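Chemist: Mind looking over this structure? Questions follow.
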Amino acid sequence: MSAQVAIVMGSKSDWPTMEAAADILDLLQVPYHVEVVSAHRTPDKLMEFASAAVKSGFKIIIGGAGGAAHLPGMIAAKTRLPVLGVPVQSKALSGMDSLLSIVQMPKGIAVGTLAIGTAGAFNAGLLAAQMLANHDAQLAARLDAFREQQTRTVLENPDPRVD
Ligand code: RP5
């Protein structure tokens, strides 16, 4: 099956964060594409990528960036596909800059903004899978199993002193 989700990021340095999105998509067996696309360093590539995203067969785009994080918003400006934005934790401002750059979209162009860092990247992958599961019963079953396993893990070991 061709990639349904595109995971793009502003720099290779974002990969340790964005890898969490790939991890959950791997677990749920959702095919995805990964690529560095920078809003500032490769603006023409960004426009080409976003313009061709529907034709490329993607259903959802996950965009991660840090600092002046314009990548998810600019992709959303050029495609009707749902865009999930992940604020990468920046060194200077701990990701507050990334978060505010991504979350404050103007009315009419939407980006679904997740939490700063790896939890946000993981949840972006999870949310993408949940959206796709509306039209994929097998994926829905894998998601149910993932959630049941997660619940079981917490219930079976409630003592905070035990790993
Ligand atoms: C952003 O600038 C990237 O998304 C990255 O989070 C940040 C720093 O990039 P590098 O200087 O590490 O390449 O565009």
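For all residues, glycine too, the Cβ spot is worked out from N, Cα and C.
Any TrEMBL annotation is an automated prediction that lacks curation.
Source: prediction; values computed, not measured.
Pasting the relevant annotations from TrEMBL:
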- 3-154: domain 'PurE' (DOMAIN)
- Ser11, Asp14, Arg41: substrate binding site (BINDING)
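In terms of burial and nearby residues, how do these features look in this structure?
Modeler: Within its own chain, Arg41 (substrate binding site) has Gly10, Ser11 as residues 6 or more apart in sequence whose C-beta sits under 8 angstroms from its own.
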Chemist: I'm checking region-level scores; what's the whole-number mean pLDDT for the domain 'PurE' (3-154)?
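Modeler: Mean pLDDT for the domain 'PurE' (3-154): 98.
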Chemist: Tell me which binding-site residues (Ser11, Asp14, Arg41) have a Cβ under 6 A from ligand 1; sequence order is fine.
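Modeler: Listed by sequence, the hits are Ser11, Asp14.
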Chemist: Once the chains shown are all counted, how many other Cβ atoms turn up within 10 Å of the Cβ of Ser11 (substrate binding site)?
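Modeler: Taking all protein chains shown, Ser11 (substrate binding site) has 18 Cβ neighbours within 10 Å.
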Chemist: How far apart, in Å, are the two Cα atoms that lie farthest from each other among Ser11, Asp14, Arg41, the residues recorded as binding substrate?
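Modeler: So the binding residues stretch over 14 Å, Cα to Cα.
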